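Annotated features, as they stand in Swiss-Prot:
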ACT_SITE  Pro2  active site, schiff-base intermediate with DNA
ACT_SITE  Glu3  active site, proton donor
ACT_SITE  Lys58  active site, proton donor
ACT_SITE  Arg266  active site, proton donor
BINDING   His94, Arg112, Arg157  DNA binding site
ZN_FING   242-276  zinc finger
Amino acid sequence: MPELPEVEVTRRGIEPFVAGRRVERVDVRTAMLRWPVPADFAEMLRSREVLGVERRGKYLLFEVDAGWFIVHLGMTGTLRVLPNDAPPPAPAKHDHVDWVFDEFVLRFRDPRRFGAVLWHPRDAGDVRAHPLLASLGVEPFSAAFSGALLFKRTRGRTVSVKQALLAGDIVVGVGNIYASESLFRAGIRPTTAAGRVSLPRYERLADAVRATLADAIERGGSTLRDFVGSNGESGYFQLDCFVYDRAGEPCRVCGAPIRQIVQGQRSTYYCPNCQR
């Protein structure tokens with residue numbers, strides 16, 4: 001599933017193409033995604049200029065004068081920029097939406113159809129008040145994210161610290177890979193109760209989250225199965241993981257075998273020596 005780094009890589013790849021350009025038309029081939037694409041979506045965007053592209057959590061927010069169209073990649077979604085100087089590749093089975101510009105096509109592909117393409121009109125208020133966005137946690141690269149915030153929001157909580165990171169109500173975008181990697185960098189065992197982690201350890205964890213996500217963005221995200229960036233290239237962060245998907249292999253720091261457990265129906269990886 002694309003997480004914050006993969007979505008940010010996509011945003012950075014797309015924005016230079018679309019910002020300041022007008023959508024000539026929208027071709028919706030499959031309206032039944034995770035939620036239905038609005039019936040008048042294509043008409044609403046015809047000839048609209050894209051003012052910019054932002055990211056909130058794992059959502060991409062494309063601003064036009066009349067509002068925002070929101071794209072979520074779901075589990076298997078990608079957005080590709082395809083040149084339009086010659087006929088672009090014919091849409092394949094899982095190519096659901098095309099935004100056609102004068103020189104290129106922005107194509108949304110999603111084999112499992114858990115992604116979404118939605119509309120938020122400007123007269124409904126700021127897009128961040130949209131029901132899907134309003135309750136999200138803080139952005140990990142914002143000034144609001146800190147060890148103090150993690151410490152405050154987890155007092156009295158018995159859920160594991162890894163599950164607290166994944167929940168998304170404190171901080172967004174720390175998916176399964178990045179939670180395991182961040183906890184390793186911070187030296188915190190993922191099974192530790194969130195409410196029992198001290199402030200100094202949470203300060204280390206906040207720094208580790210930022211560093212892990214920044215490294216992942218720099219490497220183009222992680223490609224475990226389907227993800228490619230807007231240029232069609234795979235990400236490479238998974239090749240440098242300290243613990244994720246390395247069960248039984250030696251820790252890159254101490255040499256102890258990496259362990260794998262299941263938490264909340266998801267695999268967790270950690271070093272029993274480096275993480276306490």
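We number each residue from 1, going along the chain as drawn.
Note that Cβ sites are derived from N, Cα and C of the backbone, with glycine treated the same way.
Projection of Swiss-Prot feature records onto the structure.
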residue : record                                         : Cβ within 10 Å
Pro2    : active site, schiff-base intermediate with DNA : 26
Glu3    : active site, proton donor                      : 23
Lys58   : active site, proton donor                      : 21
His94   : DNA binding site                               : 17
Arg112  : DNA binding site                               : 14
Arg157  : DNA binding site                               : 17
Arg266  : active site, proton donor                      : 14
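Checked against His94 (DNA binding site), the active-site residues Pro2, Glu3, Lys58, Arg266 differ in C-alpha distance, with Pro2 being the nearest. Of all Cα pairs drawn from His94, Arg112, Arg157, which the record names as binding DNA, the longest spans 42 Å. Comparing CA positions across the recorded positions Lys58, Arg112, Arg157, Arg266, the one lying closest to Glu3 (active site, proton donor) turns out to be Lys58. For the zinc finger (242-276), the DSSP-based tally of helix, strand and coil residues reads 0 helix, 12 strand, 23 coil.
The Cα of Arg266 (active site, proton donor) lies closest to that of Pro2, out of the recorded positions Pro2, Lys58, Arg112, Arg157. For the pair formed by Lys58 (active site, proton donor) and the residue listed as 'active site, schiff-base intermediate with DNA', distance between Cα atoms is given as 8 Å, rounded to the nearest Å. Each residue contributes its Cα atom, and for Arg157 (DNA binding site) and Pro2 (active site, schiff-base intermediate with DNA) these two points are 28 Å apart. On the backbone, the CA of Pro2 (active site, schiff-base intermediate with DNA) and the CA of Arg112 (DNA binding site) stand 13 Å apart.
Taken residue by residue with DSSP, Arg157 (DNA binding site) is part of neither helix nor strand, so it is coil.
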